[in-house]
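Enquirer: Quick one: this structure, given as structure tokens, is what I'll be asking you about.
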Amino acid sequence: MVRSSQATSFTFSSSPYFDDRGSHGTAQPITERVNPHSRPIVSYYFPKGVGAQHYGEHHPMKPHRLTLTNTLVMGYGLDKQIHNWYSPRAATQAELEAYHDHDYIEFLSRVTPHNQGEMKQMIDRFNCVEDCPIFADMYDFCKMYAGASLAAARKLCAGTTDIAINWSGGLHHAKKAEASGFCYVNDIVLAILELLRYHPRVLYIDIDIHHGDGVEFAFYHTDRVMTVSFHKYTGDFFPGTGKLDDNGTGLGKHFCLNVPLKDGIDDQMYLTIFKTVIEETVNAFRPSAIVLQCGADSLGCDRLGAFNLSIAAHGECVNFVRKFNVPLLVLGGGGYTIKNVSRCWTYETSVLVGASIPDELPMTIYDSFFRETKWKLHPPLTGHVENQNTNTSLQRVTVAIRNKLRYLQGAPSVAMQEIPPDIGAWLADEERSKDEKDEENGTALAGESRED
């Protein structure tokens, strides 16, 4: 089969519709776009070489999906629609230790495939086994994707961009002192900590099929970060957390929301519960910044997934969050059928810049990846798994979450000095008394908030 070249065209539409042509059909979405004369400023982060990393031949995590995504983004000409394109510097060890333990980061910096036999005790201690193997340039990979998320967060704090995209980030399972679920460094937590230097309230939204446990755990005690995770929950599906009644604790009680879902959820059900929960959460919490993790393993036909979402529906979640016009950090995450991951994140890039792109994929050096589906952006992904969700079960979840949100009535006045305990080295500065700060500064700064 030979492809003919086709010119890429861009159009802007103000008439939203969503056409899902049957459960096995091909979606042809045109979601609502922003006016081309008032389009948001979008910054795109792609660390040089990040897509060349390799977890191992049989490992499901394939960083090459990032190279595929980048190639499609440029093939569609979306790089010309993006205002700022960055190859950011890698994060420093000190930046990683803003959340992670020094001993853990020191271990990541030293361990290699060649010396791992000598470091077995530490490998076991830090959970770098099976799902999180030791591979060549692993520490460099961590610094790349974390550095991109930090750079994106700083750009948002500076107010010089409206939307920042880092598809290499979103590794939401990593804990303070151990790896988990293919994730070594939690770039999301690091980016949120950076946002908290400027923004009083940050909303974290996770649409990966796996529960965003690492991020939830980091901010479980604070009311300045609200975490909302939509995920498959059975009790034994990885990571086994994310029950409906997990709410947060202490200051963070009621600032943690989990939306547990069953196998096979379809576009209509997912979009209904997503839009209902997110709209009510935003209205109650009033975030000054949003972080959206776009794990693509929630798509139908994913190697490790069990949902029936189309790329169009996944992208409509992104579009819905975009329309709140709040500073937005968009990150990648899971996704293990890489040709669909790259299509999804390419489509979502177009949604974020306000461009409508054709269903025909641009010609690239990776055409062979997409031959089976005739080079379409929106292949049929839905209807392959039996839908075990019911309207009644989803209504029960929605009502429970709505009841939790009633406790957030005072959230907009949350004091900026209320911070998560034990969350990172930079917080020590926040915890110092006013007298100590005045002594260091040599002057009294009564009533003035910290600037970074």
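Glycine too: its Cβ is placed from the backbone N, Cα and C atoms.
Note that the coordinates shown come from a computational prediction; the quantities given were computed from them, not determined experimentally.
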Enquirer: Can you identify, from 33-60, 89-116, 425-452, the stretch that TrEMBL calls region 'Disordered'?
Expert: 425-452
Enquirer: For the recorded divalent metal cation site, whose residues are ASP208, HIS210, ASP297, find every other residue on that chain with a C-beta no more than 8 angstroms from the centre of their C-beta atoms, and list them by sequence position.
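Expert: Near the divalent metal cation site, the remaining chain residues are ILE209, HIS231, GLY295, SER298, LEU304, GLY305, GLY333, GLY334, GLY335.
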Enquirer: Greatest CA-CA distance (Å) over the residues ASP131, GLY181, TYR336 that the record ties to substrate?
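Expert: The substrate-binding residues span at most 13 Å between Cα atoms.
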Enquirer: For HIS173 (active site, proton acceptor), just count the other CB atoms lying within 10 A of its CB, please.
Expert: 27
Enquirer: What is the interatomic distance between the Cα atoms of TYR336 (substrate binding site) and ASP297 (divalent metal cation binding site), given in whole Å?
Expert: 6
Enquirer: Taking ASP131, ASP208, ASP297 as the binding-site residues to compare, which has the smallest set of other Cβ atoms within 10 Å?
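Expert: Selected from the binding-site residues ASP131, ASP208, ASP297 on minimum Cβ neighbours within 10 Å: ASP131.
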